[in-house]
Amino acid sequence: MVNIPNALTLLRALGVPAFLYLFLIADQPIAAFIVIAIGGLTDYLDGKLARALNQSTEFGAKFDPVVDRLYITAVVLALASREYLPWALVIAILARDLIMALLVAYQRLKGFEYVQVSFLGKAATFNLLYAFPFLLLKDVSAIGPAAYILGWAFAIWGIALYFYTAFQYLFKALVSSR
């Protein structure tokens with residue numbers, strides 16, 4: 001079903017290849033910043049509008065987190081390829097996402113109700129999606145150093161919450177599967 005929130009999620013999904021092109025091929029960090037910032041804004045708006053307009057759909061509930069993971073995966077790989085992020089951190093983030101995906105698949109396979117995304121889980125994704133645009137501006141002369149520091153401030157909080165919530169989800173899944 002196409003509605004405003006789902007259209008925003010689809011727009012965010014289309015932003016992934018646009019970001020990759022602008023950042024990795026066209027070498028346009030400011031344009032890439034704009035694309036990824038719009039992605040973060042649409043991530044906030046799609047859920048907010050779905051609830052406000054009573055337009056929540058099963059498609060949106062399932063596709064939105066997939067697009068979030070796609071965005072995070074593409075961005076961390078792109079940033080690491082330009083040495084804006086350490087590869088060890090990228091591997092840790094991607095491993096966390098893989099573990100969470102396997103957890104959801106296992107819960108569905110066994111017929112368990114899977115653990116719902118928590119407020120802290122949303123806060124973790126929010127912080128990461130807001131960190132990345134600022135990290136992109138590292139080499140923009142006028143604002144690069146300040147943007148990079150701000151980006152890492154968001155990233156540190158986001159990463160800490162990202163792993164904290166992973167442990168919460170795993171614990172809840174273990175408890176609910178007993």
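Every residue, even glycine, has its Cβ placed from backbone N, Cα and C.
For 20-45 (among others), the entry in TrEMBL reads transmembrane segment. Residues 5, 8-9, 11-12, 64, 67-68, 71, 74-75, 78, 81-82, 125-126, 129-130, 132-134, 136-140 of the same chain sit 6 or more residues outside the transmembrane segment (20-45) yet have a Cβ under 8 Å from a Cβ within it.
For 87-107 (among others), the entry in TrEMBL reads transmembrane segment.
Residues annotated as transmembrane segment in TrEMBL: 119-137 (among others). Distant neighbours of the transmembrane segment (119-137): 23, 29-30, 32-33, 36-37, 39-40, 43-44, 68, 71-72, 75-76, 79, 84-85, 143-144, 147-148, 150-155, 157-159, 161-162, 164-165, 168-169; these residues of the same chain sit at least 6 beyond its ends, with a Cβ under 8 Å from one of its Cβ atoms.
Annotated transmembrane segment per TrEMBL: 149-171 (among others), in sequence order.
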